[in-house]
Amino acid sequence: MSVRLHKPSISSLSLDKFIRSQKNLPKTPPQLFPGEPKSLIPPPQSSSPGIDVHYLLQKLDQSCPAINHFHQIHSQLLLRGLFQHPLAAGRCVKKLCTDLGSLVYSVHLFDQIDEPDAFMCNAIMRGFLGSCDPRSALEFYYLKMVSNSVSPNHYTFPLVAKVCAEVRSVVDGRKAHARVVKFGFESDLFVKNGFIRMYSVCGRIQDACDLFDSGFALDSVSWNSMIDGCVKNGEVGLACQLFDEMSERDVCSWNSMISGYVAVGDMEAARGLFEKMPSRDVVSWNCMIDGYARVKNVSSARACFDEMPCRNVVSWNIMLALYLRCKDYGECLRLFDKMVEGEVKPNEASLVSILTASANFRKIDRGKWVHSYIRDNDIEPDVLLSTALLTMYVKCGEIEMARDIFDHMPDKSVVSWNCMIMGYGMHGHGEKSLEIFLEMEKAGVNPNIATFVSILSACSSSGMILEGWWYFHVMLQKYKIRPTEKHYGCMVDLLGRAGLMDQSEELVKKMRAEVEPSLPKATPFACCRHFMLQLGEIIAKQQIKFHPQDITPYLLLLFIHIADRKWDGIEDVRNLINDTFGESAYSNQDQLEEFGLGFSLEKSSHHKESLVFSMLDEMASCIKLL
């Protein structure tokens, strides 16, 4: 059994011993940072340690706007041997976590404290929560507080419950709840309310009910937490029962019930409850407007909006989004004009709505005004806002401005990539669309259904027949995406532009019939393979006829024969390639030599080279499976 030695606190030191320890210290504290005011920490007028501590901590609270000032005061506490005082250490940790925002340094400082207490741990966990980093807060709780046997207080467990709710970890929440019982805090109402919310957020509504019914005193927060938890877990009937049992209801109770009825689409019950409310706040009105917006009841939503005594930015955003959903872009723009004229300042969500309306209404001037507003107000666009701005410029024909925004986006979603691919395709730059797709793959972003609709559409509008077939094949074989009517429509349009409609329309019809949504997921790809090979052979032969000096259709035909195991056809295509292109330079392309092919790709575009080598890779894979 190890015995932990505790150092005596500063209060237990004798005054004589403390005075002797100060004899060799300079009367004037050293200036640690050049240029700092010398009067920041004047010498104390008393040798009493209590006066020293309180004087330095007063300076910490009042005159410590930057980290270098903190370092000065921390140094003085160390020089005077006062830093291990619980009051001093706790205030230092709290200062770092709140005003200075140095959470990493606060944890480092915590490790230097001989006897940390719950106040310090709570300050650091609260700091991580405030920085939207609940996982670090949970890690700190286990590694620094539980492992070091720091005794919690009644503020600790509500924080831990909130952390577990944020990370949706009911396992950690239950562990913390067990420690609540161990340390005797189960009757603390503040702690109890925290765990009721934690269980509700984690979807364990029965555990929340058990805790609610555990026999200890309840307050309005307890009732409201249970009602809100029931509503968010779809238990509107149970929430209504609790609401009826409440002796005293506040506006939060009413709002929770209204939002519950809104969530299930019962606007009649929501309206009835709204009319009975003794007093309403802006949240009450917003709940009603949101409910009508969900069922697309524009007239009732606008009536509520116009009746509101006071509106906030959420009220305006709900109405803007509603008009956008109903494709009433003109009214969306007019409402935004009223918003700007008033006292409410638009936020990112407002700007996304107005940019989307401007894009669909082709109002480039309004879109540029929003762009200027973003720059003038130093708004840092997130992915959603940047993508809305990008889409606006694409749809309004400003493809260069769109590309500039795209290139400066620090983070790009799949929607951002799709928008850029679509933009180049809309303006007839099919090759650039494919180059963007290649960059997308290199960036590790997985394409979705909309990505391939944009690619096939770009290939169709640019007359890139062979590329269109290949990427349809990639969609099926590599990404296992089930084709939709839009994909088939693009393929029919692609083949029609190439003059292959008579030969290939029947194949596309058969392929479409085979790929029914009711079939198992793996079946469509097996069914499509046969028709895709036939279609590819038609396209390859047509492209060789019209473009005999382009190597790509020859490779496509070779690939199809390999995949279909047509051995005579393979040898015929290889001979045709070598007869057509001769013994050209290989340009260090070793993959070509594996198939006995001699030609150069030095003057080909980037996407064409990628297409060729993708085909070669597919051929190699097919050969390995033979």
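For all residues, glycine too, the Cβ spot is worked out from N, Cα and C.
Taken from TrEMBL as is:
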- 26-47: region 'Disordered' (REGION)
- 117-152: repeat 'PPR' (REPEAT)
- 219-253: repeat 'PPR' (REPEAT)
- 281-311: repeat 'PPR' (REPEAT)
- 312-346: repeat 'PPR' (REPEAT)
- 413-447: repeat 'PPR' (REPEAT)
### Query
Mind checking how the repeat 'PPR' (219-253) divides into helix, strand and coil residues in DSSP?
26 helix, 0 strand, 9 coil
### Query
Over the repeat 'PPR' (219-253), what is the model's mean pLDDT?
93
### Query
Residue counts in helix (H, G, I), strand (E, B) and coil for the repeat 'PPR' (413-447), per DSSP?
26 helix, 0 strand, 9 coil
### Secondary structure tally of the repeat 'PPR' (117-152) (DSSP, helix then strand then coil)
26 helix, 0 strand, 10 coil
